[in-house]
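Chemist: As listed in Swiss-Prot for this protein:
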- Gly10, Ala11, Gly12, Lys13, Gly14, Thr15, Arg123, Thr132, Tyr133, Gly206: ATP binding site (BINDING)
- 30-59: region 'NMP' (REGION)
- Thr31, Arg36, Lys57, Leu58, Val59, Gly85, Phe86, Pro87, Arg88, Gln92, Arg156, Arg167: AMP binding site (BINDING)
- 122-159: region 'LID' (REGION)
Amino acid sequence: MRLILLGAPGAGKGTQANFIKEKFGIPQISTGDMLRAAVKAGSPLGVEAKGYMDAGKLVPDALIIGLVKERLKDADCANGYLFDGFPRTIAQADAMKDAGVAIDYVLEIDVPFSEIVERMSGRRTHPASGRTYHVKFNPPKVEGKDDVTGEPLIQRDDDKEETVKKRLEVYEAQTKPLITYYGDWAQRGEENGLKAPQYRKISGLGTVDEIRERAFDALK
């Protein structure tokens, strides 16, 4: 099972990724984790990546693809792998294809933007413990107060409505085109000796368990 998980920020990809990797016994490949591990290990690619990171620059796609190919040689990837948050752009998807990185499925978790804004902007956090609430879906017993300590809850900057909307704008411009990219490739079939992935789309609305069952059904 070699899989790319697509969906907007707040669509529930992280939650479903955990279910999928447990069911299929595959690792979740995070480019952020990979970069940190390569830098820590001092590998040639890690040293090169560190130069860009220290200069505050984006690590080039070609370098990230090199790290991906290195990571996929590890023993835990023998049965497959799950990409969450990569590729983010058409250029990265093209680079993956050119490098011959095989993908069996692309699974899109579809949630309307209005729902995502409500989900994320309604979150409230107790800073000391990390306990999280939601003003609509999981409210505290006393409005604005932590259930355990009674201390005030905060809204993280990341969860503020204007921030959520900006993140969705970036997704719309950069990552959403991947939906068309992989959907079209699935219809065209094999290219340059690389088998086209199957494209699956599920609704991200409903309970966590309902969405999990949809995801598992889509990957049969």
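For all residues, glycine too, the Cβ spot is worked out from N, Cα and C.
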Chemist: Gly14 (ATP binding site) to Val59 (AMP binding site): how many Å between their Cα atoms?
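Modeler: Each residue's Cα considered, Gly14 (ATP binding site) and Val59 (AMP binding site) end up 23 Å apart.
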Chemist: Round to a whole number and give the Cα-to-Cα distance in Å for the pair Gly12 (ATP binding site) and Arg156 (AMP binding site).
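Modeler: Pair distance, Cα basis, whole Å: 18 Å.
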Chemist: Can you count helix, strand and coil residues in the region 'NMP' (30-59) using DSSP?
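Modeler: Its residues fall into 22 helix, 0 strand, 8 coil.
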Chemist: Using DSSP, how many residues of the region 'LID' (122-159) fall into helix, strand and coil, respectively?
Modeler: 3 helix, 10 strand, 25 coil
Chemist: I'd like to know which of the binding-site residues Lys57, Arg88, Arg123, Arg156 has the most other Cβ atoms within 10 Å of its Cβ.
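Modeler: Within the set of binding-site residues, the most crowded position is Arg123.
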Chemist: At a 10 Å cut-off from the C-beta of Tyr133 (ATP binding site), count the other C-beta atoms across all protein chains.
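Modeler: For Tyr133 (ATP binding site), the count of other Cβ atoms within 10 Å is 21.
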